[in-house]
Amino acid sequence: MEKYILSIDQGTTSSRAILFNKEGEIKGVSQREFKQHFPHPGWVEHDANEIWTSVLSVMAELLNENNINANQIEGIGITNQRETTVVWDKNTGRPIYHAIVWQSRQTQDICTNLKEQGYEETFREKTGLLLDPYFAGTKVKWILDHVEGAREKAENGDLLFGTIDSWLVWKLSGRTAHITDYTNASRTLMFNIYDLKWDDELLELLNIPKQMLPEVKESSEIYGKTIDYHFFGQEVPIAGIAGDQQAALFGQACFDRGDVKNTYGTGGFMLMNTGEEAVKSESGLLTTIAYGLDGKVNYALEGSIFVSGSAIQWLRDGLRMINSAPQTENYASRVESTEGVYMVPAFVGLGTPYWDSEARGAIFGLSRGTEKEHFIRATLESLCYQTRDVMEAMSKDSGIEVQNLRVDGGAVKNNFIMQFQADIVNSSVERPEIQETTALGAAYLAGLAVGFWDDKEDIRERWKLQTEFKPEMDEDQRHKLYSGWKKAVKATQVFKLED
């Protein structure tokens, strides 16, 4: 009877369950979307109970549709949308408020207030993060401040906090395991990434009682077992956890110092493994934990691109220039160049290394000869220029020149983007055979803990290259194109409309 690892990939818009065999191949996928809540402009929330039921349903569907018995599952790995925050009553098991999603800006005032009091550097020094609504700490404070009776309950030890991984493990284990892993803890603004402990000073600044917080564990160990009635009569070890971007890094077998992966999703996320050294960034990158394994912690530098694949969605849904995303490859390839057109997709500001929340999208270099093909090509190229921006910041901070870039996410299917990416960063771009690297990373972490795979070398050997894109552009052309991009970004930042 063949054995498997089941990976739960709990994302921002859907929950998925994916089955992996010993070879790291996908044997089945089930997916369910859930509702997004937008109570006020800039706020994004989820119903944590709906997330839980969506996870239960995709697991059941996955096993049923693939005729798999629960006793064929050796372990469960969990990867999750990071930073999204749940606070629940440990006695009733019910959340006291919606989950506040990583995208939500409702805690901006808390962040501004802490900055005005001069605490930004304190948070940065201990957590490697910016004082921004993106991260979990201010979300917890907001819930305690705004839900009647919550603060008193928290101080009495009746409330629990967790990122989505914690919430799912607590539910799957029958309320016995209140834990998280290093990668998720490192995204909370409450965890000291050097001491590897919840930080008392930061908790005091946020006014969050320590007893609410989960125990922090490695990314690969047995945290507990499923209770039989949640998993079809079986007690299966829950054995691997990582936030989505760190899971993708692990799934890409980026185990060595200097290994880099870039995910082209709605936004873009680049992570560089910096080994056992936490590199402090001077270039607008985040310092975070890559994974905790075998008693050691590996750190990472992370860069965020706010608009990546969503720029292609905009061509389709906003401008109606295309009917489907794959068409962009054909259009972009019909012309030799953009003829000097640059598109800066700063629809929600600019991320790394600019961190300019007020910048807005812009198009430069239009002429009477500009056609749809030039416009589409400029949009695709913008993904690659932004990636170079982040890569240069990483090389500067780490002192490591990136030799090759491993890629995943929806846009990697586009050969034009991949080739232009290789050209503009002047390094090879490696597209793997299995592109579900986030779920695969969580599966690998769980599989290592239960002995399904032997060690990192065993995993490294299973990473398979589908296509390698090598740079073909000469240095003069590369320099000219990238210089034009930098001018376009600068002009975008200068243009500001008054309220």
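Easy rule for this one: first residue shown is 1, then count along the chain.
Using the three backbone atoms N, Cα and C, a Cβ is placed for every residue, glycine included.
The model shown is predicted, which means the values in this text are computed figures rather than measured ones.
Sn-glycerol 3-phosphate is bound by Thr12, Arg82, Glu83, Asp244 in Swiss-Prot, and the record lists one more residue there from Tyr119, Tyr134, Tyr194, Tyr291, which is Tyr134.
Relative to Gln245 (glycerol binding site), the binding-site residues with Cα atoms inside 10 Å are Arg82, the candidates having been Thr12, Arg16, Arg82, Glu83, Tyr134, Thr266. Take the CB of Asn414 (ADP binding site) and look out to 10 A: across all protein chains shown you find 21 other CB atoms. Closest by Cα distance to Arg16 (ADP binding site), from the binding-site residues Arg82, Glu83, Tyr134, Asp244, Gln313, is Asp244. Take the CB of Asp244 (sn-glycerol 3-phosphate binding site) and look out to 10 A: across all protein chains shown you find 26 other CB atoms. Nearest by CA distance to Ser14 (ATP binding site), out of the binding-site residues Glu83, Tyr134, Asp244, Gly309, Asn414, is Asp244. On a Cα basis, Gly309 (ADP binding site) lies 21 Å away from Glu83 (sn-glycerol 3-phosphate binding site). The Cβ centroid of Thr12, Arg82, Glu83, Tyr134, Asp244 marks the sn-glycerol 3-phosphate site; residues of that chain outside this set whose Cβ lies within 8 Å of it are Asn80, Gln81, Thr84, Val101, Trp102, Gln103, Arg187, Gly243, given in sequence order.
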